[in-house]
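*Asks:* Structure provided below as structure tokens; questions to follow.
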Amino acid sequence: MSAAGIQKRITPARISAMKGGKPIVCLTAYTTPMARLLDEHCDLLLVGDSLGMVLYGMETTIGVTLDMMIAHGKAVMRGVGKACVVVDMPFGSYQESKEIAFRNAVRILQETGCDAVKLEGGEEMAETIAFLTKRGIPVMGHIGLMPQQVQTAGGYRSVGHSEHETSKIRRDAHAVGGSGAFAVVIEGTVEPLAREVTSAVHVPTIGIGASSACDGQVLVSDDILGLFNDFTPRFVKRYDELGKRISAAAAAYADEVRSRQFPAAEHTFKRRS
């Protein structure tokens, strides 16, 4: 990518400056074609570890590897001209130590050319976030429901119902915001608490199943397009049913092949005279 191309791209610093302003638009992307389609409409594109479930049929994100994230990060970067691209750090790539997190984050940035990494965790990851940001790695935080912790959290469920959960999310938000993160995702958190946290922290909040008061919103693209039907979270709005349309197109193709309607004359080559 040229220097001019990089300058036209939205930076993490610009995302941070959008706090309290026009809502930040974010969707997931895992491939070059999808990135090209989404780029002009989004401020942020997230190469999420949700790709494990959406693309690879995994039951959770736990099985996603660093190499998988890097491969898909490269693919997305080939299709982007405007949006800021953030790549998830997968489970096991950053929790052990801040030094290991740094080495793996450097790999992601160097090998994909993306703009930032995202990692899950609040107070327990604040030191790691600070370590990375002080060394030139832009970091997006992720608090509330954390998919990489579903096996210890009792599954995918909204959080912030008890005083204990409420207190933890407040502490997590301030810890991540104070550690140098340029933004923080708040997932699956009760609306009043997500609204409160958004007002209390100085960095943009990106909601997913949180609140319209958040500084931005993110959803899984395959969810809003009707391409992933294993389950649909409560917080997802379907904007199309591409899965049904793809199935109908495949059925029409199969019918025409079996009835020898396809290929027709216009789809074949004639010998040159």
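The backbone N, Cα and C atoms fix where each Cβ goes, and this holds for glycine too.
According to Swiss-Prot, the 3-methyl-2-oxobutanoate binding site annotation covers Asp49, Ser50, Asp88, Lys118. The Mg(2+) binding site annotation in Swiss-Prot covers Asp49, Asp88, Glu120 and rests on sequence analysis. Feature annotation from Swiss-Prot assigns active site, proton acceptor to Glu187; the stated evidence is sequence analysis.
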*Asks:* Determine, for the 3-methyl-2-oxobutanoate site, the additional residues of the same chain whose CB lies within 8 Å of the mean position of the CB atoms of Asp49, Ser50, Asp88, Lys118; present them in sequence order.
*Replies:* Leu46, Val47, Gly48, Leu51, Thr61, Val64, Met69, Val87, Met89, Pro90, Pro147
*Asks:* In sequence order, which same-chain residues at least six apart have a C-beta under 8 angstroms from Asp88 (3-methyl-2-oxobutanoate binding site)?
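*Replies:* Within the chain, Asp88 (3-methyl-2-oxobutanoate binding site) has Cβ neighbours under 8 Å at Leu46, Val47, Gly48, Asp49, Val64, Met69, Val117, Lys118, Leu119.
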*Asks:* Should Asp88 (3-methyl-2-oxobutanoate binding site) be counted as helix, strand, or coil on the basis of DSSP?
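*Replies:* Reduced to three states, the DSSP call for Asp88 (3-methyl-2-oxobutanoate binding site) is strand.
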*Asks:* List the same-chain residues at least 6 positions away in sequence whose Cβ sits under 8 Å from the Cβ of the residue listed as 'active site, proton acceptor', in sequence order, or say none.
*Replies:* His142, Ile143, Gly144, Leu145, Met146, Pro147, Gly207, Ile208, Gly209, Ala210
*Asks:* Note down the number of other Cβ atoms within 10 Å of the Cβ of Asp49 (3-methyl-2-oxobutanoate binding site), including every protein chain shown.
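*Replies:* So the number of other Cβ atoms within 10 Å of Asp49 (3-methyl-2-oxobutanoate binding site) is 29.
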*Asks:* Please report how many Å separate the Cα atom of Ser50 (3-methyl-2-oxobutanoate binding site) from that of Glu120 (Mg(2+) binding site), as a whole number.
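*Replies:* Checking the Cα atoms of Ser50 (3-methyl-2-oxobutanoate binding site) and Glu120 (Mg(2+) binding site) gives a distance of 13 Å.
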*Asks:* Could you list the residues of the same chain, at least six apart in sequence, whose Cβ is under 8 A from the Cβ of Glu120 (Mg(2+) binding site)?
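*Replies:* Within the chain, Glu120 (Mg(2+) binding site) has Cβ neighbours under 8 Å at His142, Ile143, Met146, Pro147, Gln148, Gln149.
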*Asks:* Tell me, by DSSP, whether Ser50 (3-methyl-2-oxobutanoate binding site) is helix, strand or coil?
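*Replies:* The residue in question, Ser50 (3-methyl-2-oxobutanoate binding site), is coil (DSSP, three-state).
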*Asks:* Give the three-state DSSP assignment (helix, strand or coil) for Glu187 (active site, proton acceptor).
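*Replies:* DSSP assigns Glu187 (active site, proton acceptor) to strand.
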